[in-house]
Amino acid sequence: MSETMSTNEKKLPLNGRRAIPPNNSNDDENEVPEMEAFGVIPRGFNPRDYLRVEDIYMFKEPQEINKQEHHTDKYYSPKLIVRRGQPFQIQIYFNRPYKPETDQFWLEFLMGRYPQQNKGTYIPILVGNVLKPGQWGAKITHRENNSIQLSIMSSATCIIGKFRLYVAVLTPFGILRTRRNSATDTYILFNPWCQLDAVYLDDEKEREEYVLNDVGIVFHGNVEDVKSRSWSYGQFEENILDACLFLMDKAELELSGRGNPIKICRVASAVINSRDDDGVIAGSWNNSYDYGVAPSAWTGSVDILLEYYSSKQPVRYGQCWVFAGVFNTFLRCLGIPARLITNYSSAHDNNANLRLDFFLDDEGKVDTRLTKDSVWNYHCWNEAWMTRPDLPVGFGGWQVVDATPQETSDGMYRCGPASVQAIKHGHVCFQFDAPFVYAEVNGDIFYTKMDKNGTQTVEGVDTTHIGQLIVTKEVGGDGMMDITEEYKFREGSDEERLALETAVMYGVKKQSIQDTTYQPQTDVEMDFQAQKAVLGNDFKVTITFRNKSRNSYTATTYLSGNIVFYTGVTKSEFKKQSFSVKLEPSSSSSFDIMIKSSEYMSDLLEQASFHFFVTARINETGKILAVQKATVLEIPTLRIKTKGELVAGKEMSVIVEFTNPLKQTLENVTLRLEGPGVLRTIKKQFGRIPMNSTLTWEVKCIPMRPGLRKLIASLSCDALRHVYGELNVQIQKP
């Protein structure tokens with residue numbers, strides 16, 4: 001009795017709804033019997049009399065045929081890693097020569113705790129004479145003494161992840177299997193080189209960039225002043241592949257769904273942020289990063305993924321480029337082509353009505369209480385490349401996926417995949433989340449005056465501010481590629497109007513300007529420019545009026561300078577100035593205002609972003625002109641140099657230098673340094689750096705991989721963040 005009790009307790013509880021519990025962990029295993037008897041085994045049966053497997057050789061070294069042909073030789077893993085839909089080789093050693101007339105054996109690939117053939121988690125492969133493209137099969141390519149060499153083809157739609165391999169031999173009394181051996185585990189990934197795969201990409205240079213490049217560029221700053229920094233994706237580093245597979249287990253994605261890149265992207269966009277599911281990264285936009293790492297201090301994805309894989313707790317903290325950097329690592333690691341995108345002047349439109357409302361009070365100042373929408377200086381997301389069999393023809397290719405938690409989609413913080421082509425043409429009815437992305441790149445800014453009695457008057461509409469520039473890193477270089485035209489037609493073109501009408505037809509809410517009383521002031525124009533400035537210095541801003549009429553006007557002008565988060569949300573107003581100007585007929589006049597460092601330094605946030613609002617009321621007509629502009633200060637950089645020979649396997653030194661340019665001492669400074677294939681991330685704390693003094697940090701390391709590599713460093717402290725440095729190094733072969 002006690003015997004049966006204990007076996008029952010080991011079984012997982014079943015509810016009456018499913019025959020077997022959900023199968024959503026790649027790590028779980030089932031027991032596979034070494035002898036599966038067909039009935040009573042007669043006395044005298046000796047398994048040693050039959051064909052028996054002595055050893056399996058997987059050709060899994062980086063320089064051997066499998067990893068070379070499958071472009072997986074960079075993965076820092078001792079296991080076999082192949083891509084689906086393409087043949088790979090193994091060699092089986094038996095206890096005697098194999099006789100095809102009488103011996104029968106087959107291979108079995110298993111995944112998860114409850115392998116089932118119809119779910120693609122149990123795959124028996126019989127040996128045949130020919131391999132059919134894109135279907136499971138095996139054929140013998142070479143026989144010698146006691147060994148045979150097999151070529152195995154995997155299905156181009158099979159699930160991806162880690163499979164366990166068994167060889168089964170048929171005997172009259174039962175099936176003999178090899179013992180569980182983790183050395184023969186085989187990882188199968190997506191294959192952008194295979195025409196039958198949903199992620200097939202036909203350009204070799206693009207595959208090298210979007211799948212095999214392990215460093216990339218994040219563009220930040222703002223539209224007038226694009227800045228760039230490197231990010232280490234590190235998708236081939238040790239344990240990263242396992243960490244990425246674990247994310248799908250964490251998201252409880254059924255194993256049978258893991259051959260579908262659409263599903264994988266959708267669940268990953270939810271699990272990479274910690275909202276709703278304790279996912280990888282906790283976001284923080286409030287400038288206080290206690291008990292965690294400031295988002296700007298990370299230099300790459302590897303530390304974040306490995307910390308999450310070991311602790312299973314959200315890693316603190318991230319902002320949009322951190323979510324996008326980690327997502328890019330995840331996608332490239334699994335073999336889905338991916339790139340990181342920056343959208344400048346990105347609308348975060350709370351009610352997706354394609355209209356961002358900035359409310360002005362009587363004096364023309366922005367009313368921060370009423371204004372709920374915000375314009376991010378920039379926002380980063382990802383694009384993943386795949387076919388979309390769930391949509392009409394023509395919407396495959398690049399898909400927007402975004403793991404930054406902004407708004408919920410079907411009840412969870414996630415976004416995408418949304419077809420870039422569908423967004424461009426306004427076909428926002430196609431799943432997933434196309435209306436939200438459409439609004440991010442296409443909103444209009446309405447300046448609305450709220451009178452005391454609650455009537456609203458639209459004083460200005462800016463149709464060109466949002467989504468002015470959308471960029472990604474160029475293929476094969478560190479430069480910027482402008483992809484705005486992939487997302488939208490030229491501003492003001494007929495096609496753009498048509499795309500907008502299509503989007504409105506498919507339910508994107510848009511109030512037309514006709515619905516609101518709006519007569520713009522056309523005969524006076526106002527422009528605003530800010531001088532490029534270095535952090536800690538004074539700079540000037542210039543307001544220019546052009547009076548095109550024959551009347552003379554007076555304008556009451558109001559300038560508000562705000563320190564903002566890069567999301568466009570104001571922290572504090574540090575400068576306000578109003579003055580009256582006389583505008584002569586048919587002439588231009590400019591006015592300079594000095595911004596002193598003492599006015600902004602105490603409150604400055606980490607990306608050194610300012611946002612200026614200028615409003616001017618023409619006293620004679622009562623009309624209001626409004627313009628807003630973001631500006632970003634120049635932040636000092638780190639210098640990196642190397643010492644010694646740059647040869648794989650030999651010790652070299654990396655030296656990081658930084659000079660403090662501020663008129664204050666920096667305290668509790670953290671430096672980070674990393675370079676995929678050269679050195680693992682190293683951190684060092686420095687107590688203080690007095691003003692104008694230089695810090696020098698020397699690190700010794702032994703680079704492992706020859707070739708062109710990148711070193712990336714960051715400096716972070718409360719007074720100064722977003723300080724980066726980088727250096728390309730050519731590591732020679734020994």
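Glycine is no exception: its Cβ is also placed from the backbone N, Cα and C atoms.
Taken from TrEMBL, the feature region 'Disordered' covers 1-31. According to TrEMBL, the feature domain 'Transglutaminase-like' maps to 312-405. Residues annotated as active site in TrEMBL: Cys320, His379, Asp402. Marked as Ca(2+) binding site by TrEMBL: Asn442, Asp444, Glu491, Glu496.
Asp444 (Ca(2+) binding site) counts 21 other C-beta atoms within 10 Å of its own C-beta, drawing on all protein chains shown.
Long-range Cβ neighbours of Glu491 (Ca(2+) binding site) (same chain, at least 6 residues apart, Cβ-Cβ under 8 Å): Thr463, Thr464. Nearest by CA distance to His379 (active site), out of the binding-site residues Asn442, Asp444, Glu496, is Asn442. Annotation for the recorded positions Cys320, His379, Asn442: lowest Cβ count within 10 Å of the residue's own Cβ, Asn442. Of all the recorded positions given, namely Asp402, Glu496, the one with the smallest number of surrounding CB atoms inside 10 A is Glu496. Between the alpha carbons (Cα) of Glu496 (Ca(2+) binding site) and Asp402 (active site) lies a span of roughly 24 Å.
Each residue contributes its Cα atom, and for Cys320 (active site) and Asp402 (active site) those atoms are 9 Å apart. When the alpha carbons of Asp444 (Ca(2+) binding site) and Asp402 (active site) are compared, the span between them is 22 angstrom. For the Ca(2+) site, the Cβ centre of Asn442, Asp444, Glu491, Glu496 serves as reference, and the other residues of the chain with Cβ at most 8 Å from it are Thr463, Thr464, Ile466, Gly467, Lys488, Gly492, Leu500.
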